[in-house]
Structures are given as structure tokens and as C-alpha cells.
Ligand SMILES: Nc1nc2c(ncn2[C@@H]2O[C@H](COP(=O)(O)OP(=O)(O)OP(=O)(O)O)[C@@H](O)[C@H]2O)c(=O)[nH]1
């Protein structure tokens, strides 16, 4: 069977597909979180630059050399730089402006020198392929070494960049090995077929892969937002109830105790009233940080609502939980919070409860912790009180 492939048509079809997928990405970007916009804009720019370069390249013999060689290569190299910038921004990594600028300048210099000055197709292809391989490889490296390089979806974009890097590197090496391999830009051989046939489909695969990366991250962020309090970054009530139920099952299975602390900031309304809501928010964030400093790594903290927090303390008996609560209370009594330059003493009322044999539901344990906390409020605040079933009556401070 006789195979045939027209390079010019391949370039045009690849260009059209890339533009279409780029437009699709631009439409989807509007529905995505604004946090993705900068990365998506760079990607969309790349999917417009690359096809423009390919179309110009396909016009060799029709348009002047500076357009079909210099401009075409500048567009393609610019597109590869834009993919790299998009991926760096997506991963919230520094964009190496100097490095990418140097790669672009090198591609441009090579196309001017070997295209217009000495007209050497072999060396033009070798140098430009090597530079492009470097840029594509950098994108692949960013995908696989980025802080979020997890999950299967990264292999779609990652695989496309690895394949494109390999093709470009192979073209440079094949030409070094056999300088007479490509004598005309539309000549058909396996290297040309790989570069222009497979190479023009890869942007489409990479763009689908990038879209998958974005949707994957946005799904993870949504799942996290459903479980974490947006202000203080501790678990929200729904998540803590689920974790509490699991902690009870774990404590029962391993025959160990489980304690909870219900922590409430005293007279919190006054902070809002006197210093404003923003200072109130800051007080909540700082209070959480200070409570966390007093806890062990395995303790789990959540926000029940307003200025009320809960700490789940696995494998902890009443005495230890009360001692820990006392440390937390003291940490606030000893040191005021610094609210936008305003030093403000804040005190806590803390209720402690320990899992009792009669507790079937987490809500029962929570209710006893809550009652102990309200008992501390009624007894004058800035106090730790334990639920009677926890084996401790009250521990008053000061
Ligand atoms: N700034 C800020 N305020 C909040 C937030 N959630 C709840 N509040 C405020 O917290 C205050 C809680 O007031 P109260 O329930 O009267 O309790 P309190 O003033 O701490 O008094 P006691 O608990 O009895 O010591 C209310 O004014 C709420 O508006 C929040 O996310 N940010």
C-alpha cells in the first residue's frame, strides 16, 4: 500500500484544529474561577500564535522568506514560550522571563542567520528544533515537577509535551547524523511526518490536557471549600461532625478515649463593635493560630460557627484534655492579640467532654462539651470547665 501525506495540508489542518480548541478553551475559561484566568489567557494566546506560525510556514514559495521563515518561526517559538508561561502560572511558579526571552531570541537569531543570511535549511532546522525542544521540555518538566503533579490527568498534557520534546530533539539529532535528510521543507520522510503530522495534533491533545488540569484543580478546590472554613482555614461544622463520628468509631475500635474541647471567645461582639468587622475577622484568624500552637499534630480543629471552635483530641483522657485546655486559656490570658496595631486582651471559655459509654452519636459528645463551655461562661468566663461525666468537675482559673 502506498502512503502519502501532504505536509502543507497537514500544517493547515493542525492549525485549524489548534485554533478551534483554543477558542473552546477561551469559552470554558469564562466559566472557570478567576484564579485560572492568567494561565488560561496565556494558553489561549499560545493556541493562536502557533497556528499563525504554521499557516505562515505553509506559505513557503508563496510569500517572502522573512515571513515564512523568520516570522513563522517567531510565532511558533512565541507559542511555545506562552505554553510554558501558562503552565508556570497555573502551578503558581516563578516565570523565568530571562530564560524564555533568551530561547526566543535564539530561535529568532537562528532563523534570520540560517534563513536569510546563509540560507542553510539543515542548520536552521537543527538549531530551531533544539531550542524548541528545550522550551517544550521545560513545559513537560513544569507539569511533572510542579507542586500539584499528582493524579492521572497530568499525563495528558504532560505526555503531549514529552512527545513533542522527543520529536523536536529527534529531528535535531537525525539531521546532525544525516545532514542531507531534509532538502526541502515540504519533502516527505519519517522525520517530516513526525514533526508536522504528529506535531500539529499535539497542541490539541495538550490543550485538552490543560483543560483537564484546570477542571481537576477546580474540583479539588470545591471539595476543600465544602469542608474547610473560608476565614480560618479549619474544618467547618459539617466536616468536623463527620470527622467526630469517625473518631468515635476509631476510639471504640481501639478501646481508647476521645476528648473534645469546645472553645468560645469571650465577649467577641465587643471586638466587632469597637474595632470593626475586619478586626473581628483578624481576631478569629489569630485565635485559631494561637490555639493550634497549643495542640498536638493529631488533634483536629474545626469552627462550629461564629466565634465558637471545637478541638477533637484522639486518645486523650479527661485530665489531659483539661490540662491542654488550661494551656490554651493561659496562652490567651498571658498575651493580647495584635489587631491592626491595636493590642487587645481576649479571653476564652472552654468546655471539655470525654466520650462516655452512653454516647452513640457525636452530637451527644458535642452537646456535653457545649454545656460545659456555657457553664464556664456563666461562672464568669476566662475559664475551663469539664463535663461531669468526664471524670473532672471544674477547673477554674485565676
Ligand atoms: N468579625 C466576625 N464576626 C463574627 C463572625 N461570625 C460571627 N461573628 C460575630 O460574633 C459575635 C458573637 O456574639 P455573641 O454570640 O453575642 O457572643 P460574645 O459577644 O462572644 O459573648 P459571649 O460568647 O457571651 O462571651 C456576633 O456579633 C457575630 O456577628 C465572623 O466570621 N467574623
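Every residue gets a Cβ built from N, Cα and C, even glycine.
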Annotated stretch (transmembrane segment, per TrEMBL) among the listed ranges 37-56, 97-116: 97-116
Candidate ranges 63-85, 224-246 [criterion: TrEMBL lists as transmembrane segment]: 63-85
For the transmembrane segment (156-173), distant same-chain residues with Cβ under 8 A (at least six beyond the ends): 83, 87, 125-127, 129-130, 132-133, 136-137, 139-140, 143-144, 191, 194-195, 198-199, 202-203, 205-206, 208-210, 212-213
Residues in the domain 'GGDEF' (256-389) grouped by DSSP into helix, strand and remaining coil: 61 helix, 37 strand, 36 coil
Residues of the parent chain within Cβ reach of the transmembrane segment (63-85), under 8 Å, 6 or more residues beyond its termini: 42-43, 45-47, 49-50, 52-54, 56-57, 95, 100, 103-104, 107-108, 110-112, 115-116, 119, 124, 128, 131-132, 135-136, 138-139, 142, 161, 206
The domain 'GGDEF' (256-389) [mean pLDDT, rounded to integer]: 94
